[in-house]
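Per TrEMBL, the features are:
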type     : residues : note
DOMAIN   : 525-783  : domain 'G-protein coupled receptors family 3 profile'
TRANSMEM : 529-550  : transmembrane segment
TRANSMEM : 562-583  : transmembrane segment
TRANSMEM : 595-619  : transmembrane segment
TRANSMEM : 640-664  : transmembrane segment
TRANSMEM : 684-707  : transmembrane segment
TRANSMEM : 719-739  : transmembrane segment
TRANSMEM : 751-775  : transmembrane segment
Amino acid sequence: MDRKTEALEHGSSVLLNYYNFLAFVSVVEEINNSSELLPNLTLGFHIYNPYNNALLTYTAAINIFSGMDTGIPNYSCKTSGPLAAIIEGLPAEHSNQFSSLSRIYHYPQISYTSGNLVMSDIVKFPYFYRTVPSELHLCAGIVKLLKHFGWNWVGVIAADDENSMRAVQILREGIEQSGGCIEFVETVQESSALMIQNITNIYNTIITSSAKVIILYCNRDFTDFIRYTPIWQVPGKVWIITTEWLFVYLLNNVDGKNTFAFTVGKRTIPSFHKFVREVNPALFPSEAFIESWWKDLCNNKCPKSIQRSCSSDEMPEYILHCDIVILGSSYNVYNAMYGLAHALHDMITSGSRNGILLSGESENVLDFSPWKLHHYLKKLRFNNVLGEEIFFDENGDLAIGYDIISTVFLPDGTRRNDIVGSYNPYAPPEKSFTINEKTIVWEDLFSQAPPQSRCSPSCLPGFRKLTREGKSICCYDCIRCSEGEISNQTDMDTCITCPEDQWPNQKRDACIPKVITFLSYKEPLGITLTYIIIFLFLITAVILGIFIYYQDTPIVKANNRDLSYILLISLMLCFLCSLIFIGRPKKVTCILRQIVFGITFSISLSSVLAKTITVIMAFQATKPGNKLRKWMGFRFSNSIVLSCSLLQALLCLIWLCTAPPFPYLNMRSETGTILIECNEGSIVAFYCVLGYLGFLAGISFIIAFIARNLPDSFNEAKYITFSMLVFCSVWISFLPMYLSTKGKYVVAVEIFAILASSAGLLGCIFLPKCFIILLRPERNSRKFLTKNWND
């Protein structure tokens with residue numbers, strides 16, 4: 001028994017529709033000649049052309065479902081075989097309207113052109129399938145194209161039908177999510193009474209718009225209409241369209257206008273091209289325009305795969321350069337027809353479980369229910385004639401993507417429609433969108449290629465966007481990143497704070513490692529301080545040598561030479577401990593520098609204190625009956641030095657046991673540097689150590705001040721008073737300088753305080769004695785000292 005498949009074709013009986021009609025005939029013939037697919041079963045079909053008229057579409061639907069040329073609702077008069085499915089190429093809105101009838105009868109409806117967004121709802125359209133992707137993916141592809149070229153300021157012209165309005169909303173959401181904006185949305189009205197005013201308004205909007213990219217989201221008829229209006233003549237615009245219809249004719253494209261069209265991915269069907277090349281046109285209904293189309297295939301500019309052999313008297317007068325063949329939907333028609341045939345084949349081979357009874361050699365279909373075919377369409381999966389896997393996704397859409405085509409104008413004045421990119425939502429993310437910019441020839445009116453379509457120029461790295469008050473987020477000013485922040489990409493909304501160990505470069509577009517700094521032996525300051533330390537150490541060593549060499553002279557003996565030795569050695573250690581402050585701080589050096597400094601200085605000050613007390617006791621002991629004579633001697637003075645130094649050592653020990661100093665990376669001391677310094681650990685302990693030294697210095701100063709009027713020959717009190725005055729002045733001035741100085745200069749200030757205070761003790765106490773020993777030896781005698789005492 002014969003089985004018939006009926007299809008609806010729409011629009012003009014020429015050009016694309018006629019080409020798709022040939023594809024339909026070719027694939028049905030191919031399936032019927034197959035020995036593997038539907039063997040011994042013949043597919044038939046009826047062709048209806050509603051000319052994009054809603055009334056004719058409904059009339060054709062009733063005729064199909066009733067099986068009569070004069071259809072009667074709910075009446076079936078089929079004499080040639082049951083209806084299996086509807087394959088249609090209607091516009092999106094008409095496909096939706098037709099589905100309202102087909103789903104009443106549960107017939108599968110397979111579209112090879114409609115990407116209607118609404119019809120992806122399988123609850124409302126459970127029997128709808130298509131061999132094209134949903135326009136939801138088309139919107140995503142447009143957003144990808146805009147993002148690739150950095151076009152974030154666009155205009156939209158759309159038809160006022162439900163599908164286009166919903167697409168515009170999806171486009172708006174996608175563009176805004178990718179950081180772009182739509183400057184305007186204009187709708188093309190269907191009403192002829194308002195059409196002229198509508199076109200004028202749209203033209204004025206475009207001509208005054210700063211957007212250089214216009215998205216034309218209309219069906220084929222609206223697109224074809226717009227290209228004859230002033231809208232299409234606005235210069236300096238890039239057009240993104242959703243139909244390839246503009247690429248059929250040369251009209252209005254001779255100006256080199258940049259246009260991108262998203263079209264469902266096409267493949268060449270070799271068997272169909274052979275059919276077009278060899279079929280006899282006389283087998284099909286014809287008219288003058290169709291005859292011209294067949295003659296056009298004789299043109300030598302047509303691809304060899306479809307070029308027909310014609311006699312010389314049949315050379316074409318009207319030349320389309322075979323664009324209609326390149327732009328047709330043969331691939332989608334093939335997939336639709338083969339998909340239906342495979343579903344039928346699967347259903348028949350399943351046997352009686354599907355309600356189909358086969359008898360005898362002629363295989364009569366005794367019981368056929370179209371709704372049972374849906375089960376097999378949903379599970380459909382096969383390889384088409386090109387070896388590509390074909391299946392419908394969960395929404396009934398074919399898993400296929402889009403080609404992006406653009407017109408390329410050649411130097412000789414001719415044009416060529418090239419595929420310049422693609423978008424396949426079913427491919428891996430990194431391969432879903434491709435574009436070949438080298439094949440695109442940009443319009444001469446653009447100052448740069450590719451052109452820019454932005455409300456505001458891009459903010460370069462080092463700057464961030466600041467949205468203008470009351471304006472779109474795409475309209476902004478560029479402001480420089482704040483100190484410590486960078487922006488390493490264009491059009492960043494906020495600047496990035498550099499990590500603590502890095503800082504911005506001069507352009508503030510990258511973070512670079514901070515310079516590690518510390519008071520080094522290799523830098524001028526460190527070298528200078530090192531030489532000063534060595535010089536003062538040598539001076540002290542020389543003075544110690546002088547005192548040892550002249551240890552038996554009266555002036556050395558009179559000033560407690562043991563304490564002098566201790567003081568000079570401790571001063572030498574004080575000078576040397578300054579060297580620990582120079583160089584890269586480490587855990588050991590951080591601990592030693594403050595501990596050694598505190599203890600050596602406490603020995604020095606304890607020695608000065610012992611000297612001062614010894615001077616007073618020496619004069620008091622000379623008085624008759626004074627009991628202080630028995631305290632005189634080196635043991636008493638040494639005990640003062642030892643006890644005072646041990647107390648400082650105890651403080652340092654407590655400091656080490658509680659919170660010892662440690663190396664610390666100070667990243668905020670100076671811009672662009674990492675200061676390696678010693679953190680004191682416990683600042684309280686640090687100031688206790690300094691405070692104790694201040695206490696010793698203060699006591700020494702007070703006692704020396706009291707003893708300042710004793711006889712000069714034996715009296716060191718004046719020198720000690722002056723030395724303590726220098727010592728206290730240095731350290732009092734040290735505190736504010738220490739707190740206000742930054743970086744490695746903090747260490748330099750502390751070294752200077754150590755050297756200055758130690759040099760003050762050395763100079764005030766010992767230089768006068770050395771002067772007498774070396775330059776006034778006559779004064780360094782017992783006779784001279786006794787004389788002064790008697791006087």
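Note that Cβ sites are derived from N, Cα and C of the backbone, with glycine treated the same way.
Remember, TrEMBL labels are computer predictions, not curated facts.
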Below 8 angstroms Cβ to Cβ, which residues of this chain, lying six or more residues outside the transmembrane segment (640-664), approach it?
563, 566, 585-587, 590-591, 593-595, 598-599, 602-603, 605-607, 609-610, 613, 676-682, 685-686, 688-689, 692-693, 696
Please identify the stretch among 562-583, 719-739, 751-775 with the greatest number of Cβ pairs below 8 Å relative to the transmembrane segment (684-707).
719-739
So which residues does the transmembrane segment (562-583) touch in its own chain, when a touch means Cβ under 8 Å and the partner is 6 or more beyond its ends?
518-521, 526, 529-530, 533, 536-537, 540-541, 543-544, 547-548, 556, 589, 592-593, 596-597, 600-601, 603-604, 607-608, 610-611, 614, 634, 637-638, 641, 747, 750-751, 754-755, 758, 761-762, 765-766
Feature contact check the transmembrane segment (751-775) with the transmembrane segment (719-739), CB under 8 Å, 3 or more pairs:
yes
Which residues of the same chain, at least 6 past either end of the transmembrane segment (751-775), have a Cβ under 8 Å from a Cβ in it?
529, 532-533, 536, 539-540, 543, 546-547, 550, 553, 555-556, 559, 564, 567-568, 571, 574-575, 577-578, 581-582, 597, 601, 604, 608, 611, 716, 719-720, 722-723, 726-727, 730-731, 734, 738
